[in-house]
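Participant: First the structure, which I've put down as structure tokens, then a few questions once you've had a look.
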Amino acid sequence: MELSVAMYGLLCLLFSQAVPMCVPTDYTLYEERRECDFCVAINTTICMGFCYSRDSNMKELAGPRFLIQRGCTYDQVEYRTVILPGCPLHANPLFTYPVALSCHCGTCNTDSDECAHKASSGDGARCSKPLRHIYPYPGLNSYIHPN
């Protein structure tokens with residue numbers, strides 16, 4: 001009995017490394033420009049999940065080899081551009097946003113990715129103007145243009 005419990009625990013420990021914990025996840029961006037008439041909800045995917053990290057509390061003795069800081073970040077990303085509806089002629093109606101195609105656990109590349117989490121205000125308000133939805137599939141409306 002004890003052996004089967006130990007084997008089950010070992011299998012769970014080994015299997016947890018094979019289960020993807022960092023995956024593309026559906027997310028809605030809200031873009032509102034002062035000069036345009038509408039707030040736009042854009043459905044996309046972002047990288048979200050948990051990655052193994054370790055930070056020793058004895059860095060002075062152990063050195064950097066015990067410091068492992070990884071986050072869930074883009075492996076492959078595609079950028080798409082939408083035309084924001086209700087913008088006047090003098091305003092640029094184009095908005096480009098990332099779509100996560102695949103993700104991995106690794107260090108964040110600050111040259112190309114946003115690596116810090118921005119806290120929301122918590123009031124639940126996303127838009128102050130009327131809302132329009134932009135869909136990720138080009139056939140659903142005429143506002144999206146793939147790059």
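Using the three backbone atoms N, Cα and C, a Cβ is placed for every residue, glycine included.
What Swiss-Prot records for CYS22-CYS72, CYS36-CYS87, CYS39-CYS127, CYS47-CYS103, CYS51-CYS105, CYS108-CYS115 is disulfide bond. As annotated by Swiss-Prot, N-linked glycosylation site applies to ASN43. Look at Swiss-Prot and you will find 1-20 tagged as signal peptide.
Provide an account of the burial state, proximal residues and distances for the features listed.
Facilitator: In the three-state DSSP scheme, CYS72 (disulfide bond) falls into the strand class. Over all protein chains present, the Cβ of CYS72 (disulfide bond) has 22 other Cβ atoms lying within 10 Å.
For CYS36 (disulfide bond), the same-chain residues that are 6 or more apart in sequence and have a Cβ closer than 8 Å to its Cβ are LEU84, PRO85, GLY86, CYS87, PRO88, ALA91, PRO93, LYS129.
Other C-beta atoms found within 10 angstroms of the C-beta of CYS127 (disulfide bond) number 14, with every protein chain shown included.
Under the three-state DSSP scheme, CYS103 (disulfide bond) falls in the strand class. Neighbour count (other Cβ atoms within 10 Å of the Cβ, all protein chains): 24 for CYS103 (disulfide bond).
Every protein chain considered, the tally of other Cβ atoms within 10 Å of the Cβ of CYS51 (disulfide bond) stands at 17.
In the three-state DSSP scheme, CYS108 (disulfide bond) falls into the coil class.
Under the DSSP three-state reduction, ASN43 (N-linked glycosylation site) is assigned to strand.
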Participant: Using Cα-Cα distances with a 10 Å cut-off, which of the recorded positions CYS22, CYS39, ASN43, CYS51, CYS72, CYS127 are near CYS103 (disulfide bond)?
Facilitator: CYS22, CYS72
Participant: What disulfide-bonded residues among CYS22, CYS39, CYS51, CYS72 are found with a C-alpha within 10 angstroms of that of CYS108 (disulfide bond)?
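Facilitator: So the list reads CYS72.
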Participant: Work through the disulfide-bonded residues one by one (CYS22, CYS108) and point out the residue whose CB has the fewest other CB atoms within 10 angstroms.
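Facilitator: Across CYS22, CYS108, these disulfide-bonded residues, the one with fewest Cβ atoms within 10 Å is CYS108.
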Participant: Can you grab the distance from CYS47 (disulfide bond) over to CYS72 (disulfide bond)? Cα atoms, rounded to a whole Å.
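Facilitator: Rounded to the nearest whole number, the Cα-Cα distance is 6 Å.
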Participant: Pop the Cα-Cα gap between CYS39 (disulfide bond) and CYS105 (disulfide bond) into the table, whole Å please.
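Facilitator: Between the Cα atoms of CYS105 (disulfide bond) and CYS39 (disulfide bond), the distance comes to 33 Å.
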